[in-house]
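Features of the protein shown, as given by Swiss-Prot:
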{"type": "TOPO_DOM", "residues": "1-38", "note": "topological domain 'Extracellular'"}
{"type": "REGION", "residues": "1-23", "note": "region 'Disordered'"}
{"type": "CARBOHYD", "residues": "Asn10", "note": "N-linked glycosylation site"}
{"type": "CARBOHYD", "residues": "Asn11", "note": "N-linked glycosylation site"}
{"type": "CARBOHYD", "residues": "Asn24", "note": "N-linked glycosylation site"}
{"type": "TRANSMEM", "residues": "39-59", "note": "transmembrane segment"}
{"type": "TOPO_DOM", "residues": "60-73", "note": "topological domain 'Cytoplasmic'"}
{"type": "TRANSMEM", "residues": "74-98", "note": "transmembrane segment"}
{"type": "TOPO_DOM", "residues": "99-107", "note": "topological domain 'Extracellular'"}
{"type": "TRANSMEM", "residues": "108-132", "note": "transmembrane segment"}
{"type": "DISULFID", "residues": "Cys109-Cys187", "note": "disulfide bond"}
{"type": "BINDING", "residues": "Asp116, Cys120", "note": "serotonin binding site"}
{"type": "TOPO_DOM", "residues": "133-152", "note": "topological domain 'Cytoplasmic'"}
{"type": "TRANSMEM", "residues": "153-174", "note": "transmembrane segment"}
{"type": "TOPO_DOM", "residues": "175-193", "note": "topological domain 'Extracellular'"}
{"type": "TRANSMEM", "residues": "194-216", "note": "transmembrane segment"}
{"type": "TOPO_DOM", "residues": "217-346", "note": "topological domain 'Cytoplasmic'"}
{"type": "REGION", "residues": "235-262", "note": "region 'Disordered'"}
{"type": "BINDING", "residues": "Thr314, Lys345, Thr346, Gly352, Phe403, Asn404, Lys405", "note": "1D-myo-inositol 4-phosphate binding site"}
{"type": "TRANSMEM", "residues": "347-370", "note": "transmembrane segment"}
{"type": "TOPO_DOM", "residues": "371-378", "note": "topological domain 'Extracellular'"}
{"type": "TRANSMEM", "residues": "379-403", "note": "transmembrane segment"}
{"type": "MOTIF", "residues": "396-400", "note": "motif 'NPxxY motif'"}
{"type": "TOPO_DOM", "residues": "404-422", "note": "topological domain 'Cytoplasmic'"}
Amino acid sequence: MDVLSPGQGNNTTSPPAPFETGGNTTGISDVTFSYQVITSLLLGTLIFCAVLGNACVVAAIALERSLQNVANYLIGSLAVTDLMVSVLVLPMAALYQVLNKWTLGQVTCDLFIALDVLCCTSSILHLCAIALDRYWAITDPIDYVNKRTPRRAAALISLTWLIGFLISIPPMLGWRTPEDRSDPDACTISKDHGYTIYSTFGAFYIPLLLMLVLYGRIFRAARFRIRKTVKKVEKTGADTRHGASPAPQPKKSVNGESGSRNWRLGVESKAGGALCANGAVRQGDDGAALEVIEVHRVGNSKEHLPLPSEAGPTPCAPASFERKNERNAEAKRKMALARERKTVKTLGIIMGTFILCWLPFFIVALVLPFCESSCHMPTLLGAIINWLGYSNSLLNPVIYAYFNKDFQNAFKKIIKCKFCRQ
């Protein structure tokens, strides 16, 4: 996804592929040795980390059975795509950046641009597929359990590559301008205005809009469920504090005769403290049926309280039980709010990283072909925009896998070579 053709004039690209900036032509003699060394180290480190990170994700899914599900198949396919970007595209892009000119010939240039557009577009569309899968899972959890099959995942993955091919192939079939190959030292994508609109909207702007809509709805659905849980907790707490359940009405009295009088379980501790009752029945001095309950107070003392059977039902809610329920309700409410904050944070990281990496590139890619010679892009800024887009292939495994505890456990096994021993 080279946005800037190093050291060149004002040509452009669309989806992931080189474009050039306006200004004076910079020859290869202007590239210093220190620039080449520093740039090589920086880009080499980025490429190495991208290869290692995505390879670990693929290995974790392949070796750990608990990770082999439909959701992780999409993440694994994303890692394979980003691995292809890191292995097939980034080395040539780094060479182009370090030398400040294209030295591999026109055929290799065409192949480089096609791979660049194909892999980067597919990577972006994989993010859409993951968002779509999550949207279905959270908005239709019952029915989607049966629909969430490997076949559906394969269909989504195939669709991302198909769209990538449809965007990357047209320039090779002639959808370009005569000026695209006029400079042998530059490797640029088609600057045709129609292709620029077609490629930028197909590779980024439409997927961006889709992801914003999907993650917006995911957030609303998640927040609705969380707040519904909070309301249930609050209602349960209120019922515990203020509600009363009537005492049971046995069909027979102690002596076996049918009785219409209610039994009461009302307990008061004269000394105060928390109470816990365990009932038994015996005969009173006047012949009335009495229920004896053993009362355990906080002070470990015991007393027996006779309860006359004539009395009507009287609610009893021990203070310690009420306080415990209040504490539980408050804890659940805090957990629910914490889940909502985590949801906001996760979705913010996903969308924020995607927009930060790709939006600058695609703004420039869409605008520059229409500016002709009136627009000027500083060389350094163009290089930063190019590699900011490429760095998304490094960040994707961090966002979608390394924050996941199941993946973390699999990575630890890989590091400790537990899979090798098995």
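Note that Cβ sites are derived from N, Cα and C of the backbone, with glycine treated the same way.
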Could you tell me the C-alpha distance between Asn404 (1D-myo-inositol 4-phosphate binding site) and Cys187 (disulfide bond) in angstrom, no decimals?
39
Below 8 Å between Cβ atoms, which of the listed ranges 74-98, 108-132, 153-174 makes the most pairs with the transmembrane segment (347-370)?
108-132
Any contact between the transmembrane segment (39-59) and the transmembrane segment (379-403)? By contact I mean 3+ C-beta pairs closer than 8 Å, pairs at least 6 apart along the chain.
yes
How big is the gap, in Å, between the Cα of Cys109 (disulfide bond) and that of Phe403 (1D-myo-inositol 4-phosphate binding site), rounded to a whole number?
37
Roughly how many angstrom lie between the C-alpha atoms of Phe403 (1D-myo-inositol 4-phosphate binding site) and Asp116 (serotonin binding site)?
28
Sequence-distant residues near the topological domain 'Cytoplasmic' (133-152) by C-beta distance (under 8 Å, 6 or more away from its ends) are 70-71, 73-74, 214-215, 217-218, 221-222
Which residue, out of the recorded positions Cys109, Cys120, Cys187, shows the minimum number of other Cβ atoms inside 10 Å of its Cβ in this structure?
Cys109
Pop the mean pLDDT for the topological domain 'Extracellular' (175-193) in here, whole number is fine.
84
For Lys405 (1D-myo-inositol 4-phosphate binding site) and Cys187 (disulfide bond), determine the Cα separation and express it in whole Å.
43
Which has the fewest other Cβ atoms within 10 Å: Lys345, Lys405, the binding-site residues listed?
Lys405
Looking only at Cβ atoms, how many others are within 10 Å of the one on Thr346 (1D-myo-inositol 4-phosphate binding site)?
16
Lying 6 or more residues past either end of the topological domain 'Cytoplasmic' (60-73) yet within Cβ distance under 8 Å of it, the residues of that chain are 79, 130, 133-134, 137, 148-150, 152-153, 157, 401, 406-407, 409-411, 413-414, 419
